[in-house]
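Chemist: From TrEMBL, for reference:
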- 26-46: transmembrane segment (TRANSMEM)
- 93-298: domain 'ABC transmembrane type-1' (DOMAIN)
- 98-118: transmembrane segment (TRANSMEM)
- 130-151: transmembrane segment (TRANSMEM)
- 171-198: transmembrane segment (TRANSMEM)
- 219-241: transmembrane segment (TRANSMEM)
- 280-302: transmembrane segment (TRANSMEM)
- 313-339: region 'Disordered' (REGION)
- 326-339: compositional bias 'Basic and acidic residues' (COMPBIAS)
């Protein structure tokens with residue numbers, strides 16, 4: 001007697017109609033979110049692009065007053081930025097890239113170490129986790145003032161180093177001060193995200209590795225890092241996007257107009273404070289494109305790890321294919337059972 005093939009979900013007109021109905025309902029439920037995103041993201045971006053096409057209004061020589069309306073200049077603001085007159089832009093661009101790259105690398109290493117320590121079965125680890133989050137919870141303006149006192153010429157930093165370093169003036173030491181303050185504040189954020197990834201790793205994996213003779217270093221490289229990689233990539237992406245927009249920390253800690261720490265956000269703010277909204281919008285558009293390209297490249301090159309983790313969890317295309325193959329074997333008509 002042949003086995004009765006298992007019931008399969010229909011694929012006729014009724015099934016397709018139900019699928020279309022689910023799609024319309026999903027679009028209806030998502031539409032409020034898309035509307036809010038359009039208001040808070042699309043409108044400011046389009047407004048900045050529009051403003052970047054206009055220049056500073058001229059002064060009427062007869063009356064001495066500013067003429068009404070900003071003159072349309074097209075792409076002249078962008079041309080001026082990338083030409084020889086844009087040396088200040090390139091300085092801010094390299095400052096932004098250097099501060100972002102250095103701080104994110106240090107935050108990743110320190111945050112990973114913090115997560116590994118917090119993941120151990122230590123007494124009072126709940127208090128340790130809560131205390132580690134304190135620097136991240138402090139507002140950036142407050143932490144910048146705190147570090148400004150520490151890096152004062154008569155502050156704690158110089159007392160500990162037994163030196164007279166002018167941390168808050170021009171030079172490489174100002175960049176070091178910004179990086180230290182940034183890493184102190186945001187490394188706990190990376191640590192907490194990585195800790196969440198560590199907690200979903202089964203202890204049975206580590207027990208099997210110990211039985212096979214793997215030491216702590218081998219377990220770290222072969223088990224911990226590969227399995228925690230999706231959470232680590234998310235943390236790095238968040239920190240990249242946030243650090244590229246760095247403004248308040250160097251602005252308060254070092255001050256405005258400092259050549260060695262001026263970032264793209266500080267440059268745009270300086271132009272806007274001088275009522276040069278056209279060039280300021282041009283800087284903002286360039287910063288937006290820079291952040292977008294970094295995020296796109298990051299997701300394009302490394303996002304496969306996140307998608308792979310999702311597939312293994314059962315929701316991805318690869319997992320569905322594997323399940324369909326297994327189900328296909330069960331429905332093989334050649335398999336018969338003789339009663």
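Glycine too: its Cβ is placed from the backbone N, Cα and C atoms.
Because the structure is a prediction, the values reported are computed rather than measured.
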Chemist: Can you say which of 26-46, 98-118, 171-198 has the most Cβ pairs under 8 Å with the transmembrane segment (219-241)?
Modeler: 171-198
Chemist: May I ask for the residues of the chain that lie six or more residues beyond the transmembrane segment (26-46) and have a Cβ under 8 Å from a Cβ within it?
Modeler: 285, 288
Chemist: Where else in the chain does the transmembrane segment (130-151) make close Cβ contacts, counting only residues six or more beyond its ends and a cut-off under 8 Å?
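Modeler: For the transmembrane segment (130-151), the list is 114, 118, 157, 167-168, 177, 180-181, 184-189, 191-192, 248-249, 251-253.
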Chemist: Any residues 6+ beyond the ends of the transmembrane segment (171-198) with a Cβ under 8 Å from its own?
Modeler: 95, 98-99, 102-103, 106-108, 110-116, 118-119, 129, 132-136, 138, 140, 143-144, 147, 151, 165, 224, 227-228, 230-232, 234-236, 238-239, 242-243, 246, 249-250, 253-254, 258, 260-261
